[in-house]
C-alpha cells in the first residue's frame with residue numbers, strides 16, 4: 001500500500017466535470033498502483049457528488065484492486081482510493097437502480113486486464129439507459145474496436161433493464177494481458193454496411209419498433225442511397241425487465257471502422273421522432289470522415305494511454321469528454337497526447353488525429 005501523502009490529487013470539477021473523471025481516474029489508480037484523492041466530484045451538476053451508479057462503480061473498482069476507499073457515500077464530493085493488487089475471479093456490482101451497466105464496465109474492464117487470471121464481472125442495473133451507451137453499443141461497436149488493442153472479453157446479456165426500474169444483468173468475462181498494443185485508425189474507407197435494431201419491451205406495442213425502424217431508414221436514405229439498410233424490429237421477450245423502447249443503428253466501413261446512432265423512447269415522444277434522432281446521430285458521425293464516432297472517442301483514451309507504443313486515431317471534432325480523459329490520463333500515467341487538425345479534401349468537415357505515446361504499462365501480476 002502506498003502512503004496517503006503520495007496520493008495524486010484530482011479536481012473532479014474540471015472540464016467535463018462528471019462521472020467520467022471518476023471512472024478514468026479510479027481505473028488508472030488501480031492499474032498504476034497510485035493512490036488518488038478526487039475532490040469537488042460532479043460539483044457543477046444539478047445533484048452534486050456521487051450518485052448510486054458512481055458509488056457502485058467505485059466500490060467495484062476498489063473490490064477489483066483490493067483497495068481501500070474513503071468518503072464513498074451518496075452525495076459525497078471527496079473520495080480517496082488506495083489501490084492494492086488487482087484480483088481476478090468473480091466480482092459483482094449492482095446499482096440497484098437503472099444506473100448503467102455499460103458505465104460500470106467502462107470503469108472496470110481496463111482494471112480486469114491487469115489481473116493474474118480471468119475475471120468475471122456480474123453487473124446489474126440498466127442495459128439500455130439514458131446518458132450512457134446502450135449495451136448493444138458496447139457489444140457491437142466498443143468491443144470490436146478495443147479488441148484491436150489486444151483486449152479479449154465476452155459479454156453475456158442475461159436480462160435487459162430500462163429506466164426507471166433497472167433490473168438488467170450482464171456477465172462480462174475478461175482475459176488478462178501482458179500489455180496493450182497500440183492501435184492506428186486513420187483511414188476510414190467507405191461505408192459498406194448499415195444495420196440496426198429497434199426494440200420494444202414490456203407492455204409497449206410492437207408497432208413502436210416498426211415505426212422507429214421505418215423512420216430511421218427513411219432518414220438515412222435521404223443521404224445514403226446506395227446501401228441496403230436493415231433495421232430489425234424486435235419485441236424483447238423473457239430476457240427483459242420492465243418497459244422500454246429504443247433503437248441503435250450501426251455503420252461499418254471497408255477498413256473495419258464502426259459508428260453508431262441511438263436513441264431511447266420516452267413517455268409522450270412519437271416513435272418516428274426516436275428513429276429520426278438515432279438516424280441523424282449516425283449521419284452526423286459519418287459526415288466528418290473520422291474513424292470513430294463521438295462516443296467511442298473518449299472511451300479509447302485510457303487504452304491508448306496504457307498501450308506500449310504510439311496510437312493514432314482520426315476523429316471528428318474532439319469532444320469535451322475526450323479532452324477530459326486525456327487530461328486525467330496524462331496526470332496519472334506517463335502517456336503523452338497530441339491533437340493535430342487535418343484538413344480533408346474528401347469530407348466537408350475537418351478531422352483531427354489524436355496521437356498518443358503510450359505509457360506501456362506491463363501487467364505485474366501475469
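Using the three backbone atoms N, Cα and C, a Cβ is placed for every residue, glycine included.
The feature active site, tele-AMP-histidine intermediate is assigned by TrEMBL to 321. Residues or ranges marked as ATP binding site in TrEMBL: 106, 295, 296, 297, 298, 299. The domain 'RNA 3'-terminal phosphate cyclase' feature in TrEMBL is assigned to 15-339. Sequence annotations record features per position, and here TrEMBL assigns domain 'RNA 3'-terminal phosphate cyclase insert' to 186-286.
Structure coloured by features recorded in TrEMBL.
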residue : record                                       : CB count, 10 Å
106     : ATP binding site                             : 23
295     : ATP binding site                             : 20
296     : ATP binding site                             : 25
297     : ATP binding site                             : 24
298     : ATP binding site                             : 23
299     : ATP binding site                             : 25
321     : active site, tele-AMP-histidine intermediate : 20
### Mean of pLDDT values spanning the domain 'RNA 3'-terminal phosphate cyclase' (15-339)
97
### Task
List nothing but the largest Cα to Cα distance in Å, as a whole number, among the residues 106, 295, 296, 297, 298, 299 that the record says bind ATP.
13
### Query
Closest to residue 321 (active site, tele-AMP-histidine intermediate): which of the binding-site residues 106, 295, 296, 298, 299, going by Cα position?
298
### Query
For the domain 'RNA 3'-terminal phosphate cyclase insert' (186-286), what are the DSSP-based totals of helix, strand and coil residues?
33 helix, 37 strand, 31 coil
### Message
Taking 8 Å from the centroid of the Cβ atoms of 106, 295, 296, 297, 298, 299 as the cut-off, which other residues in that chain fall inside it around the ATP site?
### Response
133, 142, 292, 300, 301, 321, 322
